[in-house]
Amino acid sequence: MERTLYSVQSFPFPVKKKESVTTAMSLSKDLIFLILQFCNEENLKRTAHMLEQETGYFFDMKYFEDLVLNGNWEESEKYLLSFTGVEDNKYSTKIYFEIRKQKFLEALDKHDHAVALDILRKDLKVFAQSNKELYKEITQLLTLDDFREHGSLSSYGDTMSARKQMMNELTIVIEANPLLRGRTKFPQINKSRLRRLINQSLNWQHLHCTHPHPQPHIDTLFTDHKCPGPDHLHLQDQLNEGNPSPSTPMPESILPVSAKPTCNSSTVTESAISDGTMNLRNLTNQESLDGNTDFGDTSKIRSTVTLNEVVSPIKETPYDVPATVERVLDMGSSPSSIDFHPVQQTLLLVGNNTGGIELWNVTSAKKLFTRQFMVWEVKTISAMFLEDMVNNPHISVNRILWSPDGLLFGIAYSKNLVQLYSYHYSENYTEKHLEIDAHDGSVNDLAFAKPYNKLVAISCGDDKLIQVWDTVTGAKQFTFEGHGAPVYSLCPHENENIHFVFSISTSGQMKAWLFDNMGSRITYAAPGLCPTRMSYSTDGKRLFSCGTNKDGGSYLVEWNQSEGFVMRNYRGLCQLASGQVQFDTSNNKFLAAGDEHVIKVWDMDNADILAVIDADGGLPASPYICFNKEGTLLAVFSDHNRIKILANHRGHQLLQTFTFVSSDSSEFLSKSSKKLAVDSIPLPAKTRIAQGDVPVASGPQRDKAPGNLENEKSVEQGNKLEMQNISKIVEVSRCRSLQLTSKVETKKIRRLLYTHAGNGILALAEDGIHLLWRWSKNDSNLSGKATTKCVPQLWQPKSGLLMINDLPESNIDLVSPCFCLSKNDSYVVSASGKMVSLFNMLIFKRMRSFMQSPPAATCIVFYPPDNNIIAIGMDDSTILIYNVRVDELTNKLKGHSKRISSLSFSTVLNVLVSSGLDAQIVVWDSITWEKKNNTFLEISSGWLPSELSETHVQFDKDERHFLAVHETQLAIYETTKLQCVKQWVVGNFCARIAHAAFSCDAELLYTVMRDGIVLILGASDLVPRFEIDPSAYLPQHIRTRVYPLVVAAHPQKANQFALGLSDGGVVIIEPMESESTWTVPLQVEN
């Protein structure tokens, strides 16, 4: 009788988990899904749910769950009835029973016995025939003052908790129900797919028009589109000028074959353009006009004034537009922002997505210097930022920019900081100038202005603020408040001796500010109410803006500065852009935008596209572009972390004849090393490692007295030596990688192992789920071993079971998951903060659970002589020797003061090595289990380990030496004497270490840094040999938020390893097929 009334086990039949079923869908069914997607995108929710019920194609679990949790029993049953009836099968019967039972219990809980009796008679009566005893027990609940007096309902809590518990149980039953199986998952469809198909159809129709018009007018979708004949072309022109269509497609025939668009372009939607007055001549210290224009009220928006223009087809690229690819610059990481020097026309400043900055001379295609992100002065930076960098080390450059005179450049980072450097181009060296903790969160844009002959830096950020900073002292001059969303971009300007700055938020709200504390002078709406950037022509007389909304609609316009309206809408931008479209102006004559994998060019005086440049192909969907000041060169982002330099005829001559002051990068390094700040601490950055002897990081020198020349001299010499070693760096970006896919959603991968046979990979996620991939023998993989050449199968038995560890009720983030694999790959012992489980790897069945927590198991390893015995490191700093077969604890080892983080056996020496959070390493006799020796890691005073800093140990192939991995260092120890024979300490130029592992032949060390860099070190000398950037193995769309946590080496292939990622994914990496081993590339200068 126990659990009969309250548990999901009320009906005696098994609940199977969902099996993957592939169903061929008819085109009509596809169309229904497209209509459902359209309804949801248009917020027509009721219509969508009616369509779901009428067709039965899609069961919306989220909608059904909301109905149940809100107690909307009538609607929930009505929705369910469209897919399955009460008596269709046992699964359906169970779903209806659980819902009606909960409805009955809630009536009893309210002491509304009349309603409860009515539910019993009308709703629950149908179940009496199949289970008379159960129905009698439910009836007897009416006689109790509180139904919780019934033994099986004693744990019934409040109403919402009971609904949630029931919904969790119903989810399992629904997914197992054959009538609902395959209907609860909406197919993967690109956004706005129905609109896309319609636009493609319109394009196709237009291409077949007898007299295709350059700017076709679309009136309706009810009939096929057909351009009017020659007699009606004049009328068509008038219609287009008066009422440009928001859905007008651009004929693909105007684009070069190599640059065919992936979506169709249209003109700017006029209803999205504000009528807010923007009269710059009246920007004085008058009363703020913020309240006069509601940027979100489209009812107040008027049509724009469109100039009468001559429509002409696209011609060849004009002579003055840079269109020929002259240089290709290979970046170490994916670039994120660029800017040409305002005086030295061939100097290009680059910021990347790992926080690094580089200066390139595009004439010689040489990198003049590189800097990785570091915090210069810890004491001036907020503790919240520093803590965030420890937990999430990724940081990128949002904007990099020269000052108007080129003597300074600034970097706006994705977290809090703005850094300014001074640059001396006559001597070609740079020095740190100012570091500013500018915003809470991301700094989205940076600009320089010179109001009243005083140079200031202006920043904006996610905290909705605009800040103005003195570029000499770093003091805050003004704070502009008033935006209701994060501030996206800035555009300072001066007009008739009035200095002001435009700002635009992510919601499309545009404001204008004077350099005072009087608030914004103007508020109006950007076209499309979307994130937008503004830019003036070179002479500062014409203002343009370009923005892209969340649906991919893009708007490139010119503003009438005197009257404050949009005077020209430039046509030809894609209306389904996959990213923010970037634009730039050139020579007071041209506009250019990166869109649809090409560069589109307009004459400023004509709304139609003037030319399309494909830059020899290989451009991303929305490439970043930047002209130099004279408009002779154009830099554009390219695939594979490259920047292409395009030139016109004058730019070509410039690149052939221009001589820079110094192209010797080693000279730059030696000079700039003199200017290095002493009080710097390492924070995650793109790793650069110097070869040589084992480096020992020195701590920040805070006791240096002012004027102490000897101290300063020694520091200067030390910095020189460090910089000279940098020339020894080698990098590796050539590798093959394979992302392992899984339909099972998981959290971070915390532990990773190859199977001993080398044909599979086992991962343990933070949520306790195990994932197993297996490779099989086939024509492309004759060995059946793990390889990047073919995709493995995510292994799951026919029963649909998953191997899932029990999790603690709270503090899951503090759990240290652990597992180990038996020699024959048949069993895995695993724990995630609660009991230790033994799983059968073939059928995914939990065979046994033991060792109730707390304390929890934190690391597990099999005892090599006997696979029935395991050593378990515990959270309470003890080590347990446990016999699984007889379920017996044989020994308990004590010697650490904090939790155990790693264990490793040596059968040659008959010892067990343990390490813990106390940074201690202990050697135990594996026969008598007595403590033989211990030592502590040598951690430099400059490196303070974090509170949860683990140490991992792994024996070398000879089992006489072992590797110790700590976030601050790698060390090789001789086991018997516990003597450190080799050590590699991360220096001020490195991020901390996340994890490391020997290759199977113990010749290499695969080391994962917290910024995502993978270093491959020689095990014989612990010298970094190769470097793999995250851009080499992570797709661009996840690179900024995903990073590796753990590494595992293949047991037979010395050059293959796997990474466990923070998004629950796993990636396999090995050298290029043509190389088959990690080869030494040509030495990279700098």
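A Cβ is built for glycine as well, from the same backbone N, Cα and C atoms used for every other residue.
Pulled from TrEMBL, these are the features on record:
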COMPBIAS  261-279  compositional bias 'Polar residues'
COMPBIAS  701-714  compositional bias 'Basic and acidic residues'
DOMAIN    57-115  domain 'CTLH'
REGION    232-279  region 'Disordered'
REGION    693-714  region 'Disordered'
REPEAT    436-479  repeat 'WD'
REPEAT    581-612  repeat 'WD'
REPEAT    893-925  repeat 'WD'
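Mean model confidence for the repeat 'WD' (893-925) is a pLDDT of 94.
If you look at the repeat 'WD' (436-479), the same-chain residues 6 or more away from its ends with a CB under 8 A from one of its CBs are 380-382, 384-385, 398-401, 403-404, 408, 410-420, 485-492, 494, 499, 501, 503, 505, 513, 515-517.
Beyond the ends of the repeat 'WD' (893-925), by six or more residues, the same chain brings 816, 858-861, 863-865, 871, 873-881, 931-937, 939, 945, 948-955, 958-960, 962, 964, 966, 973, 975-976, 978 to within a C-beta distance below 8 angstroms of the stretch. Residue counts for the repeat 'WD' (893-925) by DSSP state, with H, G and I taken as helix and E and B as strand, are 0 helix, 21 strand, 12 coil.
Across the repeat 'WD' (581-612), the DSSP tally of helix, strand and coil residues reads 0 helix, 20 strand, 12 coil.
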